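Taken verbatim from TrEMBL:
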- 1-12: compositional bias 'Polar residues' (COMPBIAS)
- 14-25: compositional bias 'Basic and acidic residues' (COMPBIAS)
- 34-71: compositional bias 'Basic and acidic residues' (COMPBIAS)
- 1-71: region 'Disordered' (REGION)
Amino acid sequence: QQLVDTQDQAELTETERNSREKTSNEQEATVDELEIKLKEAKNRLDESSRLLEEESRRLKATEAEADRVEAKADAAEATLAELTRTLADEQEQVKEFEQRCSKASEAEDEQDTAAAQLKTRFAEALERAEAAETELARRDRELERLQEDCRKQDAMAADIESELQAGLQVLEEIK
């Protein structure tokens, strides 16, 4: 009877050992899966970090370019203001010359040519100022797009970090 009891106990122990071994193997497989997922998540995080750094560099370059464009626009506006003053001065001089030299048609032709050149310079200055403003607006749109890209990258990095935390928590629970 003791032999039968011992055999039953041995079989029960063997069954329990097999069950624990199976559970242990399943847990090891789960840990292996989680480690693979963790590596993948780390790789995605590294890639996201790299992309974020690259976008940050682009954003800084765009901001620097926007600053340069803004400085050019300011310079163009200052030039435009100076040319406007110059044009007003020149127009006044033209009037004075026309009054003084009304009898001399050659003098009138020279003054008309000078006025036309000033008008051309004024028109060119206006065109440069408008081009600078257009470029600045385009750069502002580019800056906004880059900022939106950075926000998306930040959200993706946060998602990856939460996945990593979940994976680490599962690993802790398994231990």
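Every residue, even glycine, has its Cβ placed from backbone N, Cα and C.
Distant neighbours of the compositional bias 'Basic and acidic residues' (34-71): 132, 135-136, 139-140, 142-143, 146-147, 149-150, 153-154, 156-157, 160-161, 163-164, 167-168, 170-171, 174; these residues of the same chain sit at least 6 beyond its ends, with a Cβ under 8 Å from one of its Cβ atoms. According to DSSP, the compositional bias 'Basic and acidic residues' (34-71) comprises 38 helix, 0 strand, 0 coil.
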